[in-house]
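Copied from TrEMBL, the annotated features are:
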DOMAIN    27-186  domain 'Sulfotransferase'
BINDING   Arg41, Ser49, Lys166, Gly167, Arg168, Thr169, His170  3'-phosphoadenylyl sulfate binding site
DISULFID  Cys149-Cys161  disulfide bond
Amino acid sequence: MPRTLDGQITMEKTPSYFVTREAPARISAMSKDTKLIVVVRDPVTRAISDYTQTLSKRPDIPTFESLTFKNRSTGLIDTSWSAIQIGIYAKHLEHWLRHFPIGQMLFVSGERLISDPAGELGRVQDFLGLKRIITDKHFYFNKTKGFPCLKKAEGSSKPHCLGKTKGRTHPEIAQEVVQRLREFYRPFNLKFYQMTGHDFGWDG
């Protein structure tokens, strides 16, 4: 990481850190004071989104349903499939809590980042000890993408939206498959809410 002066914050993001077993110990060895921000979303939607992204690169992959189940007739979920495994947040968080106190971690709701970006970024600014500079007036909702966009990107006069890989249409998944996944994730979600002290509302 680059040297950081007083009054500066150095940030780095890598989606796979949270689910990589070695990451907590390595980051702790580098700096025990590191603040960690993790964006999480409904694990069922996350799994479907993960599949959609893979499908766009490899259209010949098996169906979502066949990858989800180890045994379709018993409804046994295949937890070795990364799209499923990543959403078991409580399990990943256990590894991090061996190296970092929960107070050094902020869990941002992916759903609220879409429905109330300024509110959720307000929590981020507070967590980092920053003045709340980002407000509602910095965003507009892009109907085509289904996401909020920045009215003006840093150093530009043009609006900035997430790239074309975001906001893809998800394939149609059978309702009973979604339901079975909801049942599978529920106990893990409840444990995660307990661990973080925050109910993300994925089981409502």
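Our numbering is plain: 1 for the first residue shown, then up by one each step along the chain.
Including glycine, each Cβ sits where the backbone N, Cα and C put it.
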Cys149 (disulfide bond) CB neighbourhood, other CB atoms within 10 A: 17
Rounded to the nearest Å - Cα separation of Arg168 (3'-phosphoadenylyl sulfate binding site) and Cys161 (disulfide bond): 14
Cys161 (disulfide bond) to Ser49 (3'-phosphoadenylyl sulfate binding site) - Cα separation in whole Å: 18
Spatial separation of Cys149 (disulfide bond) from Arg41 (3'-phosphoadenylyl sulfate binding site) - C-alpha basis, Å: 19
Per-region confidence, the domain 'Sulfotransferase' (27-186) (mean pLDDT, whole number): 91
Arg41 (3'-phosphoadenylyl sulfate binding site) CB neighbourhood, other CB atoms within 10 A: 19
His170 (3'-phosphoadenylyl sulfate binding site): tally of other CB atoms within 10 A of its CB: 12
Distance, Thr169 (3'-phosphoadenylyl sulfate binding site) to Cys149 (disulfide bond) (CA atoms, angstrom): 18
Candidates Ser49, Thr169: member of the binding-site residues with the richest Cβ shell (10 Å): Ser49
C-beta crowding around Cys161 (disulfide bond), within 10 angstroms: 17
